[in-house]
Amino acid sequence: MTNDHDIDIKPRSRDVTDGLERTAARGMLRAVGMGDDDWEKPQIGVASSWNEITPCNLTLKKLAGFAKEGVHEAGGYPLEFGTISVSDGISMGHEGMHYSLVSREVITDSVETVMSAERLDGSVLLAGCDKSIPGMLMAAARLNLSSVFLYNGSTMPGTAKMSDGTEREVTLIDAFEAVGACRAGTMSREDVDAIERSVCPGEGACGGMYTANTMASAAEAMGMSLPGSAAPPAIHQDRTLYARRSGEAVVELLRRGIRARDIITRESLLNAVAVVMALGGSTNAVLHLMAIAHEAEVDLTLEDFNAVGDKVPHLGDLKPFGRYVMNDVFKIGGIPVVMKALLDAGLINGDCLTITGRTVAENLQGINPPDPDGQILRAIDNPIHKTGGLTILHGSLAPGGAVVKTAGFDTERFEGTARVFNQEAPAMDAVLNGELKAGDVVIIRYEGPKGGPGMREMLAITGAIKGAGIGKEVLLITDGRFSGGSTGLCIGHVAPEAVDGGPIALVEDGDPILVDISQRRIDLLVDESILEERRKTLQHPENPRLHGVLGKYAKLVQSASMGAVCF
């Protein structure tokens, strides 16, 4: 931050508005609506991932309009532009999922490109789904301008009328689990159809504490979005208010000289980790928070997640493992209630600056209601689990680390024998054909950031495993990822990945594997001399996808243990 007297609220746009040499630039800006009274106003990029492909982003165009109103009212000039977004729900379980995590980098790069080429002074960044949220936050951290993030909001839960006459509250995850149940003969095709027609009743991101809601909560916790803005559903009128206030806020940040890296610090990122732990959030938060830290040039490692998780209890009884959705969190006060509970317990840093220009502690003064309700969000002294919802494992199978969502892991210890599959499709076939049995450890490899490429999510197969009724008897381990909606015994982000020669590449059918959550261990119980002999003859399968954007990505992407960032 700088002293108010030294602040230029047009730190970059003077490059296109000032002087004889910028006659042509001003001429073009006149054509989009600017005039003589606008040249001294800061130019604010209003970037959104709006599209008509997925309900997650449908209301962003409307919200961008209100954000622009807020910019105008505060004395700035908004200039709207768009970026891409990939729907994980639609892309799941097939070739399209190779592009999901890749889209995070494309979003970041595209926002940087427009903001830098057009010399915009600050930004309101709007997003509504799993990769667009971290992509926008990464862009804010990289650019280090005055920036505000605004979430689209989540959808409401649907109600499916089942063939037995009952009604069932459903989210998108129920559709994936219904596939496995139908193939296992425990659900009729009629009921699957009823679920399909009900899981997405309208616009907004998936309603549970899946990746989009996890990252929206993290954005609020780190101070990059307005207090209370993560929880309201997409259809709620509060979204309009938050959009307008976000536009006003970015202009005020410029006036005060507050930039993204004044807010995105190691301490604020640890606050975000703490909130994710308390909510039982998505494993993808590990990747995304480390990637945001990388762009902010802040040190955040896998070890930090365990250190925070040791102290922060799991409080949120939220789907996919719990009973409630984000709209329920909204009803009892939203993310500020979680943050206040953690602050009062000394588990987050109240001195961190936020986009309001105030600290976390100042923002949380006088919130109403002030405390968790005890049901949707438990009190600190009555948690669901005494430690956080995510755990980092290490061991001979994952010397570089692996991630497990312990909020829903039903056993402290699992010992079984390997069933090895190179990529997801043959493993899915094995599930749907009833070929797995209790005690199997399904190894899905060559799905890492480089090996996929793209580190695909495994929601289709975890949903099928649960739907088939073997979710508590079969363990799934992969160098790929899991959806925030995945449930059951699943461990992802295994590093080093198979294509880098990690031990996961050496596993063979029948090998004994031991996972001990209490010891944070994941081990391949095969003698090192045997593994060395296997390594001598190791041959990686050919990958037909190493062209176009996937080819570029595979050359640049780093390990999952570093957030799968590209450089």
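Cβ coordinates are placed from backbone N, Cα and C, and glycine is handled just like the others.
According to Swiss-Prot, the [2Fe-2S] cluster binding site annotation covers Cys56, Cys129, Cys206. Taking the Cβ of Cys206 ([2Fe-2S] cluster binding site) as reference, residues of its chain lying under 8 Å away and at least six apart in sequence are, in sequence order, Cys56, Gly89, Ser154, Thr155, Thr171, Leu172, Ile173, Ala212, Asn213, Gly484, Gly485.
Within 10 Å of the C-beta atom of Asp130 (Mg(2+) binding site) sit 32 other C-beta atoms, taking all shown protein chains into account. Under DSSP, Asp130 (Mg(2+) binding site) is assigned to coil, being neither helix nor strand in the three-state scheme. Annotated Mg(2+) binding site per Swiss-Prot: Asp88, Asp130, Lys131, Glu457, in sequence order, evidence recorded as sequence analysis.
Under a cutoff of 8 A between CB atoms, and with a sequence separation of 6+ in the same chain, the neighbours of Lys131 (Mg(2+) binding site) are Ser85, Val86, Asp88, Ser100, Leu101, Ser103, Arg104, Ile107. The annotation N6-carboxylysine is assigned in Swiss-Prot to Lys131 on the grounds of sequence analysis.
For Ser483 (active site, proton acceptor), the same-chain residues 6+ apart in sequence whose C-beta sits under 8 angstroms from its C-beta are Asp88, Met92, Ile173, Tyr210, Thr211, Ser282, Asn284, Glu457, Met458, Leu459, Thr462. Among the features that Swiss-Prot reports, active site, proton acceptor is placed at Ser483.
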Glu457 (Mg(2+) binding site) CB neighbourhood, other CB atoms within 10 A: 30
Reduced DSSP assignment, Cys206 ([2Fe-2S] cluster binding site): coil
CB-centroid shell, 8 A cutoff, Mg(2+) site Asp88, Asp130, Lys131, Glu457, site residues removed: Val86, Ser91, Ser100, Leu101, Cys129, Thr211, Asn284, Ser483
Glu457 (Mg(2+) binding site) in three-state DSSP notation: strand
Other CB atoms, at most 10 A from the CB of Cys56 ([2Fe-2S] cluster binding site): 30
